[in-house]
Amino acid sequence: MNIAPRAVYIATAQVRDDEMADRVAKHQARRGAEWTNVAEPIDLIGALKRTDGQGPRLVDCLTLWLTNLMLGDHDWRGLGRELVAGLAGQSDPVVFVTNEVGGGIVPENALARAFRDAAGELNQWVAAEADEVYLAVAGLPLKVKPND
Amino acid sequence: MNIAPRAVYIATAQVRDDEMADRVAKHQARRGAEWTNVAEPIDLIGALKRTDGQGPRLVDCLTLWLTNLMLGDHDWRGLGRELVAGLAGQSDPVVFVTNEVGGGIVPENALARAFRDAAGELNQWVAAEADEVYLAVAGLPLKVKPND
Amino acid sequence: MNIAPRAVYIATAQVRDDEMADRVAKHQARRGAEWTNVAEPIDLIGALKRTDGQGPRLVDCLTLWLTNLMLGDHDWRGLGRELVAGLAGQSDPVVFVTNEVGGGIVPENALARAFRDAAGELNQWVAAEADEVYLAVAGLPLKVKPND
């Protein structure tokens, strides 16, 4: 039996070392033939435009996209705002995976502190626009929005 | 049109470097003329007494207050207990901002470990006394207390 | 009046230094005579079998158990799966304390990164099998499962 792809996995990871290659391989091994795989570390906005109409998209993840933007000296604020502004024009659903990274002690590394702040802002912009938001706790979804 | 202040912002940050100065400036720029600004890094208990009757108070934040107490060798336990014991006597509402700082790996720095423990205790004391507690997730409030 | 023990506290901590000794002493001082204390850093599965029938068990905590397994080069995956598979056969309740350790910046230390991943997996296995899951926020329980 052939399984036709009916959902799109947009991976934002950039493989810079063996550890990340291993992590990516594990993630890929979990996905079945129902997924179309798209690797897009920078132009996430374009990837969403190009894949609209191919089914729901899972973006894994916003924090790696932000990492790539910051390390590459891209305008993460401008691109983040553009990403969020474009969501209303998407026909197929978009699901973003992201991370809360501010739950530890303030790090001694200045780039880490800047990243924490940036991730917090980007998460807020996307969450404000999203129809539903869930916090993953031990792999279980805890509904944050809408609250009823 | 004049906007009369009708709420009080109690900032506990101590500006020790340019990064903190920049952060404080950004926070101040977000606040309109409806706020009276009070800077009080140590005597938070006194600041709450002095501002009671001027409208709701927003304390930003408990973890910076705790940082100042610990770095200044003040009795954070005694002052924390006194803060919480005094809340019932306040006429105007008090809203505390705080941080959960124990969500990462146990840090190698001993002071950071002591701070994690202290923040956890202080948060528990205040949360036990509070009428309402919310967890902020991507900028959205998740109600923790009362749970119904 | 004698208080008969009616619950079992299974402590997984290994005391390796004064700081941990101090922490363990504080935890012990909080517990009254209603507790039977069992110290079991490695063979948690055996401890649960041996104590079934003595009342509810509180395991404090899964992340320290995992730490001991990883530092001792035990097969944490195999033992973790075995732990979870054995829960259905327990007659008395089992309550696990654990920690979400992935809420901070990705650490520079490779062992810390491996531990984050492992703790996330173990937490997911246990949470999937548990009847109830709570997230502790400032000492208050936030119900994650069942969600109704």
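Cβ atoms here come from the backbone N, Cα and C positions, even for glycine.
Curation plays no part in TrEMBL annotations; they are all automatic predictions.
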Co-listed GTP-binding residue [TrEMBL; alongside B:ALA11, B:THR12, B:ALA13] among B:ASP22, B:ASP43, B:ASP52, B:ASP60: B:ASP60
Listed in sequence order, residues with CB under 8 A of B:ASP60 (GTP binding site) and six or more positions away: B:TYR9, B:ILE10, B:ALA11, B:THR12, B:ALA13, B:HIS27, B:VAL97
Beyond the site residues B:ALA11, B:THR12, B:ALA13, B:ASP60: chain residues whose C-beta lies within 8 Å of the centroid, for GTP: B:ILE10, B:VAL24, B:HIS27, B:ALA39, B:GLU40, B:PRO41, B:VAL59, B:CYS61, B:LEU64, B:TRP65
Lowest local Cβ density among B:ALA11, B:ALA13, which the record lists as binding-site residues, within 10 Å: B:ALA13
